[in-house]
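**Student:** Sending over a structure as C-alpha cells; questions will come in a sec.
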C-alpha cells in the first residue's frame, strides 16, 4: 500500500466552509419548512452583469466556428485580458504592472493555495489571526506548519492576533517569518490597513527579507481614500510582494472561476546553492506545468468587466452589496452589538453577545432567527467570540435577517 | 531573501510544448510568408459541437438572472454532471462508478499534476518512456525524482521503455514502484494495451501494493474491440487505480477546460503511524482546499455532451480526426516510413528517417515542408529517433502536409 502525504493526515478532515455547509444541510433536512437566510459562506447572489453575459455568449459563438475557435490558450492568460487588467486595475491608479507579471487563473483560492509550490517547505509562515483557512491548510499540506498545538494553532506558523483590543491591526512579527499572508480588506473581519500601516509591512519585509502574499480579493469594496487598493501603491512593494486578485467578489464570478496573480520581476528567491532565482519565472514554470489556463469563455467575460458598461454594471452591484453592509452594520449596532467591517468590505464582524462561543452563536442564530453565519473561531483562535456575516445576500433577505434578529433582541 | 523550492531549480527551465511553441514563433517571425502547418502541440481545431455551445449560451443566461444564478458550486463538480459521467462513461460499459468517486476539474493536466499532493514524497515513481512530460516534471517539483542523470532521466524515477523493439508494450517493473503512470491510448506513441495486457498491470499493482495513475484522455478514439476504455473494466482495478479523463480531446475542450478524475473508495494509502487512509477522502480534502470547482458554464457544456445530439456530434468530430489519422498513417507508410498509432489514437508516431535525431527531424520538417511536429526525444530518452504528428489539424491541412512530405521524399 502506498504511503500518503502525512501532512494531510494531520489536518482536520473538513474545510471550514464545507463544515458550515454540512451543518446547514443537516438543519435544513431536519427542518424542511424553515426559511434559512444564508449569510455564512461568502458567496454572492447578484447575477453576472450584462456586459459579461453578452461576452460569454459571443465567446461561445466563437467556439462554434473553426475560424474563431480557441483551443489551448496561453497558460498565463490571453494577452488581451492581461492588458486590460494592467490598464484597468493598475495604470488607472498610477501603478505600473507589466503584462508578463500578470498570471490569469481559475481563481484566487487556487493561486493562494498553489503558490506554496515554488517556495521551500522550510520557510516560516506568518498569518493574521483570524485568517482565511486556505492559507493555513495549504501550508499544513505542504509540511510548513509543524504540529497542531492544543489551542488550535500549528507549531511552526506565527499567528498575529487581530482583535478588538488592537483595533484589528496586527503587530509586526517578532520572529522574522519568511512568508507573511496579508488579506486587505480583510476576510473575515472586514477591516483594512491604511496606506501608512501597509507601508510599515512593506518596510518590515524589505528589512527582514520576507515575502508578503497580499490577497486583495475585496479591493473593489474600498470606499475610504486612505486605504490602498493594491500593495504596489506602496513604494518598494514590487521587491517583496505577490498580489492575488479575484473576479469572484468584484463581479460575482464565484461560479465562473477567474482571478489573477501578480508576480513582479523584481521578486527573487534563493536556491540551496546560493543562486538567485526570479519568482516570476518559477511561477510561470509552475503554471505552465500544472495548469492549462483559464477558460477562454470566462476570460472573455473578465475582459468585458473593463469596458465602460462593464465597469458601471460592476459598480452598481458593489453598491447593492454595500447597501446591505450598511443595513447589517447599523441594524446590529442598534441592537447594541459590537460590529466591525462593512465600510470598505462586504463582511460584518461582530462580537458574540453574552460571551457565547462562536459555534454557540452559530447554533443560536440558526435556531432562533434561521440566519446562517460563520463562526469566527473557524478562522483561527483569535476569532473565538466573534462571528461573520456577509453582505452578499439579496437586499430583501438582508433586511429580513436584521428584522428577525431585532425581534429576538426585543423579545429577550 | 526567501528560500525557493529547490526542486524547481533542478528542472529544465522550459516545458516541452512551451519550447516547441517558442521555436515555431521564432521561425514564423523570421519567415513571415511561410505557411506553417502545425501538427506539434496536441491541440484540436474542430469547433465545439452545437449541443455544447447552446448549453453554454443557456448557462450564460442562467447567470444573468438572480433566480437561476449559480455562485460557488461543489468543489467536486455538480451532481448532474457527475451523474451523466457515471452513466454515460461507465455504466454504459458495465462499469460501476459512484458519483462520489468522480471529481470534476478544470482538466486532466491539473489533476495529473496535482494528484501528487496527497502522496508521500518518498514514493518511488515509474513512467513509461516516452511519456507525457507533466508526469515527470510534477514529480520533480514535488521532490520525488532525485537528481538528473546524464541520459536525461531522473535518478529516482523508473523508466519503462516503449520502443519498436518491444512493440511499445512496456515490461513490468523490476523494482516495485509505489506509483505507476500509464496513459492508454498512449500519448505520444498512439499505441494501446489490450484488455489482457492491462490486466497484467492491475495484477502487478495488486501484488506489489502499487498505485496506478491511469490517464485515459484519449479513450474516445479507441476503435479496436479488445482495447479497454477504462481501467475499471479490469477486475480488481478499483483497489489499485485512479483514472483521469478529459473533455479536451473527446470534445475539443482544450480552451474550455474541463476534465474529471475517478478515485474509487476501495483505494487506500497508509500514514506514517500505520493508519489506513482513503485516497478518495484525501483528494476531496485537497480539492476542497486548493480548488473551487470548474466553471458552471463549462460544466453545463460538458453535460450536453451526454445528450443524444451531443453524443452524435462528438462522434462526428472524432471520425473527422480519425480520417486525418488514416491519411497521415497511410501517406507516411507509402513514403516508406515506419509508423505507429493512428488506429485507436489521434497520434502518429514515426521513426525519423536517415537516423536523424528527433530535433534534427523537427528542423528538417519545418524547413523543408513547413510542417511542425513534436520531437520524440522531448518525451523522454526512449523517444529519441522518433517524432509525433497529431491528427487534430484541419482535413485540408493534413492532406497538404502529407503532400508536401511526399513531394520531398520523391524529390530526394
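Note: Cβ is positioned from N, Cα and C throughout, glycine not excepted.
Predicted automatically and left uncurated, TrEMBL annotations should be read as such.
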**Student:** In TrEMBL, the substrate site includes B:15, B:42, B:109, B:132, B:187, B:292. Which of B:388, B:394, B:400, B:404 does it also list there?
**Tutor:** B:388
**Student:** Among B:72, B:78, B:320, B:321, which is the one TrEMBL gives for the pyridoxal 5'-phosphate site where B:108, B:109, B:132, B:187, B:218, B:246, B:247, B:248, B:257, B:292 also bind?
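**Tutor:** The candidate from B:72, B:78, B:320, B:321 that TrEMBL ties to pyridoxal 5'-phosphate along with B:108, B:109, B:132, B:187, B:218, B:246, B:247, B:248, B:257, B:292 is B:72.
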**Student:** Could you check which of the recorded positions (B:72, B:246, B:249) sits closest to residue B:292 (substrate binding site), going Cα to Cα?
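**Tutor:** Nearest listed residue in space: B:72.
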**Student:** Whole number in angstrom, please: the longest C-alpha to C-alpha distance across B:72, B:108, B:109, B:132, B:187, B:218, B:246, B:247, B:248, B:257, B:292 for pyridoxal 5'-phosphate.
**Tutor:** 34
**Student:** Any idea what DSSP makes of residue B:292 (substrate binding site), helix, strand or coil?
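**Tutor:** Coil, per DSSP.
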**Student:** Work through the binding-site residues one by one (B:15, B:42, B:132, B:187, B:388) and name whichever has its CA nearest to the CA of residue B:248 (pyridoxal 5'-phosphate binding site).
**Tutor:** B:42
**Student:** Within 10 Å of residue B:42 (substrate binding site) by C-alpha distance: pick out those among the recorded positions B:72, B:246, B:249, and say none if nothing qualifies.
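**Tutor:** Cα within 10 Å of residue B:42 (substrate binding site): B:249.
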**Student:** Mean pLDDT over the domain 'Aminotransferase class I/classII large' (B:35-402): what is the value?
**Tutor:** 97
**Student:** Sequence order please: the recorded positions B:72, B:132, B:187, B:249 that have their Cβ under 8 Å from a chain A Cβ, otherwise just none.
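**Tutor:** Near chain A: B:72.
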**Student:** Which three-state DSSP class does residue B:388 (substrate binding site) fall into?
**Tutor:** strand
**Student:** Should residue B:246 (pyridoxal 5'-phosphate binding site) be counted as helix, strand, or coil on the basis of DSSP?
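**Tutor:** Strand, per DSSP.
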